[in-house]
Amino acid sequence: MGIGQEGNVKWVDGLRGLASVTVVFSHLSRAFVGEVFAAASEGEKEGEFLPPTWYQLPFVRLLFQGRLGVSIFALVTGYVCALKPIKLYRQNNPESAFTAVSKSALRRFPRLFFPGAAATVVVWLLVETGLYTIAKHTDSFYLDVMSQPRIGSLLPALTKLIQEIVATWTKRKNDYDSAQWTMLPLLQESTAIYVFLLATAYIKNRARMVCALGMVAFYWLSSDSLFGLLGFFGIFLAEFQMDDFTNVFLSTQPILAPIISTVNIVFGMYIASYPEANIDALSWSRNLHSFFTAILPQDPDYGHFSSSIGLIFISFGIVLSPFLQKLLSSKYLLFLGRMSFAVYLLHHSMMKTVLAWMLYGIHTKPAHMNDKNEPEITRLEYPGHATLLMWSIVWWPMLYGVAYLWTTHVDPRCERMANKLVEWVKLDNAQQSNGYLPMAPMMQAQPSHAHHNGPPA
């Protein structure tokens, strides 16, 4: 899932690296620090709220909420899918653009499917060999519920594995790896983008930008708060970054451009900080809720809309800031970007095995009898945030070490399988069409003559 070489897009890879980090922080928070998702924690009395902790404050909470990370994946998908075709359209080379769209669309599903299926098989093996047992016995509701129970019989277990791999692409769910719910929407988003790029091949560049914004408005009004909205804004962003106006503006407005960039980024981060719970606790969250209620369609997903709208402003600000683009293109963030897909696929299993063992040990406690005289699991107690922080110093490098091994050894094999599948199904070069393009200018017909001697030349 690396970004191609066309265009200066390294900053997008760095942004995606940050996104994967926030997603991991989000799931760690759901497992152990659930109060981070509220504007403030509830007090002892009904309707009473405690002063917010540092990680519940606006801006800071973006690191732990995780919604912005998923939104970045959606935006980057639209940006990357559109980047090369748009560049070729602007070079007046639609034939090559059509070829690029066709190749990208053909490879898209297998390049998502094979790594996702491989990660599901890994989790299935961990579950069936009993390595999720500690996670199932912890007092963390998130770890318990998100850990699939062991089946213990080969044929039913294999059946369940196949069902979950299929469900990833049909039902937006995977009981073995819940993080893969994004795979199908990302595939659907990219397919819609490919259709849009073909449909707008023969219109002016700025007209295509207007059409992309029109699609953003369509998804807004239809309450698609994430993938459609951000995917088509990604198209607009790719066009805007290549437009002559943008380059002239950046070169002629060295003071105004950074001011506009900063205002956009700060405003975007603020509105993306919208909490999930106890919204009435503080004035800033109440004001945000009133603002979104006024501008969003009926019954919206406030959380995802807030992250999407915030990211629109943030990404626009980044495009107007060469300094931030250079910062996001640092070798450290680019490394995070290269590891982002592997980290996304593997972090759940690393939480439910290695991190669970670090925090809770490797032994379960005997079951006890509850009030109904029935056997009940004796939960292992969470040792506290200090222990989590201490072990995180060890666990995070382990996570990225495993992701590096995955990227080095598993991803290339998945890519080879995808390429072999594409080579097997596509036409040979000799059988491909020799350049018919819809709406291409027709060759002007020769004038007919009423009288001529012999057949036409």
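Using the three backbone atoms N, Cα and C, a Cβ is placed for every residue, glycine included.
All TrEMBL annotations are machine predictions without curation.
Quantities reported herein were computed from a predicted structural model and do not represent experimental measurements.
Per TrEMBL, the features are:
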type     : residues : note
DOMAIN   : 10-399   : domain 'Acyltransferase 3'
TRANSMEM : 62-82    : transmembrane segment
TRANSMEM : 112-135  : transmembrane segment
TRANSMEM : 181-203  : transmembrane segment
TRANSMEM : 210-235  : transmembrane segment
TRANSMEM : 255-272  : transmembrane segment
TRANSMEM : 302-320  : transmembrane segment
TRANSMEM : 332-350  : transmembrane segment
TRANSMEM : 388-407  : transmembrane segment
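Ranked by the number of CB pairs under 8 Å to the transmembrane segment (112-135), the listed stretches 210-235, 255-272, 302-320, 332-350 are led by 332-350. Scored on C-beta pairs under 8 angstroms, the neighbour of the transmembrane segment (62-82) with the top count among 181-203, 210-235, 302-320, 332-350, 388-407 is 210-235.
Confidence across the domain 'Acyltransferase 3' (10-399), taken as the mean pLDDT and rounded to a whole number, stands at 94.
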